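Undergrad: Here you go, one structure.
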Ligand SMILES: [Mg+2]
């Protein structure tokens, strides 16, 4: 018992309630990732305007080099329009397998050097460097990490370092291309103030227009506004945007874990040998899991299929694949695995599908060779599913599986997915 307690006095300052420990959060982002990988493979593409995406006239730009941006080209625009704006650009069909490979190489380096990191997309990482002695120590560490990645992978990468994820991400974007930026503690607001409101993560085209219509152009203006005004105009998002504009963000770095997965399995009431039916169930499961991925803005890089025979022996097989969440890529791979696995002419008691190695990302990555129509088809199907239920749109071949119940979004902190488990 200390002196104060001995006297029966409990001075509040004897408790460390008011000590605020600042975090040190690093954000790393590979510069024009797809473009950089293409240049690594073919050095003749260096310094030339480059478009990566669907190569047909109906394709979409997935990534574009800095040289093309001066012409008004941006990712997501129709390839045809991009070619018109920048006719001298070299157009390359994207290759998700090679991007996934290079993404994995970078991930391995970061995994070795940083204890707590989050892989937030195929080319983006957050790391919590809090507690690395002093801030300078963290900055030096981050610089060395960045140079190691550049040296070992040959890919340009930028970083931002600050007290939270949002400020670091904005700092990275300001640092680009191929550079780094540290925002010292206490300088978050002045750093953000002169920037366009568009640079705040979460301010998309629509929000930007709303804010512009209100005469808001710079972050500074939002900083000077009361929070509830923003909330009144933009609802709950307004509050978040106001906080971000003021450099406030408490979201934690979510550790990257290879075992992060979603899965589903189905035990049959009566063991079956009907291959047609088994395939139908697997297709339905895959379709549903892929939809879960897209709903959570996730991609998978590893699929597994398992079978339990009537003698209770369990067999499973997994396969690493390029990051994807597209049914038309996943379904054939699941069926291939099933074909390899199902080699006994024996009754089957259970089948299951699992997707793991999940990262955040958009399924556009797989549609390099597809058209805007293909993109909007996926979007339209998922829209119907959102409104009318998971099984409202199905492949005809998936109709075999009559019972996949409505499930929760596994990326909303809801319980893990166990679907297709209903007895038939
Ligand atoms: Mg990037």
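Placement of Cβ uses the backbone N, Cα and C atoms for every residue, glycine included.
The active site annotation in TrEMBL covers 124. Under the heading Mg(2+) binding site, TrEMBL lists 29, 123. Residues or ranges marked as domain 'UmuC' in TrEMBL: 25-204. For 34, the entry in TrEMBL reads site 'Substrate discrimination'.
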Undergrad: Does residue 123 (Mg(2+) binding site) have same-chain partners at least 6 apart in sequence with Cβ under 8 Å from its own Cβ, and which are they?
TA: 29, 30, 33, 103, 106
Undergrad: Give me the mean pLDDT over the domain 'UmuC' (25-204), rounded to a whole number.
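TA: The average pLDDT of the model in the domain 'UmuC' (25-204) works out to 92.
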Undergrad: Measuring Cα to Cα, tell me the gap between residue 34 (site 'Substrate discrimination') and residue 124 (active site) in whole angstrom.
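TA: Cα of residue 34 (site 'Substrate discrimination') to Cα of residue 124 (active site) measures 13 Å after rounding.
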Undergrad: What three-state secondary structure does DSSP assign to residue 34 (site 'Substrate discrimination')?
TA: helix
Undergrad: Using DSSP reduced to three states, classify residue 29 (Mg(2+) binding site) as helix, strand or coil.
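TA: In three-state terms, residue 29 (Mg(2+) binding site) counts as strand.
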Undergrad: Over all shown protein chains, what is the count of other CB atoms within 10 A of the CB belonging to residue 124 (active site)?
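TA: Residue 124 (active site) is surrounded by 20 other Cβ atoms within 10 Å.
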